[in-house]
Amino acid sequence: MAAQMYYDDDADLNIIQGRTVAVIGYGSQGHAHALSLRDSGVDVRVGLPESSKSRAKAEEDGLRVVTPAEAAQEADLIMILVPDHIHRDLYANEIAPHLNEGDALFFGHGFSIRYGLITPPEGVDVAMVAPKGPGHLVRRQFEAGRGVPVLVAVEKDASGSAWDLALSYAKAIGGTRAGALKTTFKEETETDLFGEQAVLCGGVSELIKAGFATLVEAGYQPEVAYFECLHEMKLIVDLMYEGGISKMYWSVSDNAEYGGYTRGPRVITESTREEMRKILQEVQDGTYAKELVEEFDKGRPNFLKRREAEQGEQIEKVGTELRSLMSWLKN
């Protein structure tokens, strides 16, 4: 089935301009959404705890800042843009008591809805607008008159017009300038988690560390191993980002291209693919979500232990020393 894409002509900005919006959170995505909504003529306020260090920044940016509860009470569209592990308690304590029939609850990621951490009441629209880029890029592109592609989904259309509202919101942050891709909360959440775990954050990191360790154990200098297995990764990824894997292979030497074709499949074997399928299954059946929630409910002991161990890896120490020589990284 062909992807369903929507653009500026498919969205009516007047719809979101007629709503009262609360953006909960002012991190990477929160600041981009709030500022772009404001610049699109939307009545927006930012919901942050009194103790939040981001309050001063949001106020400096000219936004009205209130507590999350006050924001939820004032608004009829609430966009939650705080870390996933905060959603459950934030929703129960600050947002749910102020939801009314006809309100809309929006998300930048589908985790809490997909795994039942939040169960919105009847009569409330539930939708997602998720830019496929970091907040600073979303904001920069908006200011330049362009946009970053967004994923848009509607989980519950209580009003009968939730889809139009979601597209209007996407237009207000520049998403429909580039294109809004229709998806579902299930698809966005499961593919996002799998991509992070098996490829982007987990898979690539472990591949780099394994390559580095293989060279060092064979007697090569750690500094040279770092250059070959980590530092040059950016060069390769940038080529893929610009033109896909084919452009990367077109750009590297024939030697590198042949080596990639013939040796790459020996690294990513059928056994590796089977583990990928297991990881996906754990995402799909809720095993991972249950593990994550339990870990954070306990105060993140294993998470913090692994973070500390990661920071002590030899590759991190070598990288710190080598990056100090790279003047272009200091700007």
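Residue numbers in this text run from 1 along the chain shown.
Positions of Cβ are set from backbone N, Cα and C atoms, glycine also.
Here the structure is a predicted model, which means the values were calculated and not measured.
Between the candidates G116, G123, G133, G135, Swiss-Prot assigns the NADP(+) site shared with Y26, G27, S28, Q29, S52, S54 to G135. Its own atom aside, the Cβ of H109 (active site) has 21 Cβ atoms within 10 angstroms in the protein chains shown. In this structure the C-alpha atoms belonging to Q29 (NADP(+) binding site) and H109 (active site) are separated by 11 Å. The domain 'KARI C-terminal knotted' (184-329): residue composition by secondary structure is 124 helix, 0 strand, 22 coil, according to DSSP. When the C-alpha distances from E232 (Mg(2+) 2 binding site) to the recorded positions S28, H109, E196 are tabulated, the minimum falls on E196. Per-site Cβ counts within 10 Å over the binding-site residues D192, E196, E228, E232 peak at D192. Among the binding-site residues S28, Q29, S253, the residue whose Cβ has the fewest other Cβ atoms within 10 Å is S253.
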